[in-house]
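According to TrEMBL, the protein has these features:
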type: DOMAIN; residues: A:27-67; note: domain 'V-ATPase proteolipid subunit C-like'
type: DOMAIN; residues: A:132-191; note: domain 'V-ATPase proteolipid subunit C-like'
type: TRANSMEM; residues: A:22-45; note: transmembrane segment
type: TRANSMEM; residues: A:89-107; note: transmembrane segment
type: TRANSMEM; residues: A:128-154; note: transmembrane segment
type: TRANSMEM; residues: A:166-191; note: transmembrane segment
Amino acid sequence: MDSTMVTSSSSWGQALLRISPYTFSAIGIAISIGVSVLGAAWGIYITGSSLIGAAIKAPRITSKNLIRCYLSPLTVFAVIKLWAVAATFVIFCEAVAIYGVIVAIILQTKLDSVPKSKMYDPESMRAGYAIFASGIIVGFANLVCGLCVGIIGSSCALSDAQNSTLFVKILVIEIFGSALGLFGVIVGIIMSAQATWPTK
Amino acid sequence: MEVMSKFLIASAFMWTVPIAVLYGFNHNFFPGSASLSQEALTLWSGILAVISVNVVIVLYIISAMKEPPLEKHEPDPRFVADAKASIKQQLGPTEVDPSSDRAKQE
């Protein structure tokens, strides 16, 4: 941005600069938990719906599944035994949600109050942007990770019904899929570690 | 139901352990956490929390793999009996009395 834009009082650059860093931080925290949970829920319902559908058709699966769902008691009683594949997929999707919670807790501990005179210091703007970026990183990485694990889980449900020996191969693919969320969390944590507000 | 309880316990641990790690670092339950700078505190607490979640997942997968393999699916015995009876009914007359079939009855 050239300097003329900064001095003019009604430019877009000036408008962006006048947004409080606390706004950016709050939006970052909200996105980190909100969008990660969106990804986790999406993954769980994709896996869950194909598991339940397969359970109706194939009695072997019915006696083997454990599904984390809050459905009618009939369906819940139909799934009474552990099926390692189904449960691990649900647990992987849940881990995605928990990464979002962890980062949200870390980010909200990074929020400090600064006096009003220092609110638009470069240092505090940097902190606000760092928290915002960290939240976006974690949120969207977990969103796609949850989707990925969910779609893998739904195909795995159907293929494992046919051939139980495929489980280990599918687990390997699933671990690579959940590594995506892990990358996002690591980068988000490192990003947020440098969010220091100016001291009073 | 022991299976469902294992799942619920794993889920509960997956939620509580990382949050406990985070609060332990922030409120100085761990011995060295008071002396860390803010930045190092964030890094260590975050990475340990993520590692603890993964440890819980790995333990759960190990305990799931150790379960005894499931018994074969038992078809409904009455259905099997009916099916066998119907097959026997089809094949039975031809096997037992082959000669009688050859005599045509008009």
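Placed from the backbone N, Cα and C atoms, the Cβ positions cover glycine too.
A quick note: this is a predicted structure, and the numbers were derived from the prediction, not measured.
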Model confidence over the domain 'V-ATPase proteolipid subunit C-like' (A:27-67), as mean pLDDT, sits at 75
Using a Cβ-Cβ cut-off of under 8 Å, list the residues of the same chain that are 6+ residues beyond the ends of the transmembrane segment (A:89-107) and lie near it.
25, 28-29, 32-37, 39-41, 43-44, 47-48, 66-68, 131, 134-135, 138-139, 142, 145-146, 149-150, 152-153, 156-157, 174, 177-178, 181-182, 184-185, 188-189, 192
If one takes Cβ-Cβ under 8 Å and requires six or more residues beyond its ends, the residues near the transmembrane segment (A:128-154) are 20-25, 27-36, 38-47, 49-51, 85-86, 89-90, 92-93, 96-97, 99-100, 103-104, 107, 110-111, 170, 173-174, 177-178, 180-181, 183-185, 187-189, 191-192, 194-195
Summarise the domain 'V-ATPase proteolipid subunit C-like' (A:132-191) by DSSP state, stating how many residues are helix, strand and coil.
59 helix, 0 strand, 1 coil
